[in-house]
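Worksheet: the structure to be examined is printed underneath.
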Amino acid sequence: MTEQDLSDLDYATGYEKMYGVTGEREDYLRLLQYQLHRFDNHPAAPNSDKALIERLGDQRTILAEHGFDPTKEDHIFETVKVDFVHTTARIEGNTLSLKETGLVLEEDAVIPGKPLSEHLEVVDIARAFDLMVEFVRNGTPVSEKAVLAIHEAASAHLDDCEPGEYRWDQRYISSSPIIPPPPARVPQLMKGLIAWAAKAEGPAIETAALFHLVFEDIHPFQDGNGRTGRVLLNFMLMSAGYPAVSLKADEAGIAAYYRAIESFTRDIEGRNGSAMVDLVAHRLEDSVGQRMLQLEQARS
């Protein structure tokens, strides 16, 4: 092993800096340090559909002026929740259909031929959604405490997980060459993300979608990051007066969702999250459009 200068490598141990490492280990440490530079750059959405986002903001204002409150849609709340739970579980690989998800949540049904784990999964996601809605109703802001509570509910029955606790080991994502941050950095990064969101001055849709991207990139938990992140996405949207949104759970929709995450994660310098912002905005376009139609019908 040749003499090395590892003093600039933040993630090399004291022992490694003193005695050196293999070439492979040094390459890994330098790659990790370069990749983690991405968290020094704020997320942005320079190519997002600004006209659509502005139109949705205007429609939200009109709905609010006529008493719309996304947490008080009692006549459709269960439908909205079941749809969200089904789509977010389907993204994780759950095979329960929309109808079966509704039966499990509304009638405590047991679906023949479907594993118990899938039943428990949708129940846990529903509990996390209910908790999030309660936070919004009470005016509770997105905070570290709220994030941990939502994760605790959403991941209650996951095996490789400590519900409500940040991860304690290094995680790797098999489908991506981008390395999540070491566990020691997770609390600091989460505090920074939450502080950034609280001060963000851009449109709420943009802030919510970008928050979701950075959250998934931090990958703060052993497991349950995706489902928790999608509940938090709605936490921010509903807090801003928008209805809950469900992502498309068909094959094309899931692929588009993961492409949006991957393109953002790989953009170490630019942190361009426009694809996810547009994906969320187009899903909201359907939800907001339905409420606007209901308002027009009520007026006529």
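Note that Cβ sites are derived from N, Cα and C of the backbone, with glycine treated the same way.
According to TrEMBL, the feature site 'Important for autoinhibition of adenylyltransferase activity' maps to E92. The domain 'Fido' annotation in TrEMBL covers 142-282. Per TrEMBL, the feature active site maps to H219. Under the heading ATP binding site, TrEMBL lists D223, G224, N225, G226, R227, T228, G229, R230, Y257, Y258.
DSSP gives the residue listed as 'active site' a coil state; it is part of no helix or strand. Long-range Cβ contacts of R227 (ATP binding site) within its own chain (separation 6+, distance under 8 Å): T88, A89, E92, I125, A128, A154, S155.
The Cβ of G229 (ATP binding site) has 26 neighbouring Cβ atoms from other residues within 10 Å, across all protein chains displayed. When the recorded positions E92, H219, D223 are scored by other C-beta atoms within 10 Å, H219 scores highest.
In this structure the alpha carbons, written CA, of N225 (ATP binding site) and H219 (active site) are 6 Å apart.
Around Y257 (ATP binding site), the same-chain residues six or more apart in sequence whose CB sits under 8 Å from its CB are I91, L247, K248, L279, listed in sequence order. Of the residues the record lists as binding ATP, namely D223, G224, N225, G226, R227, T228, G229, R230, Y257, Y258, the two whose Cα atoms sit farthest apart are 18 Å from each other.
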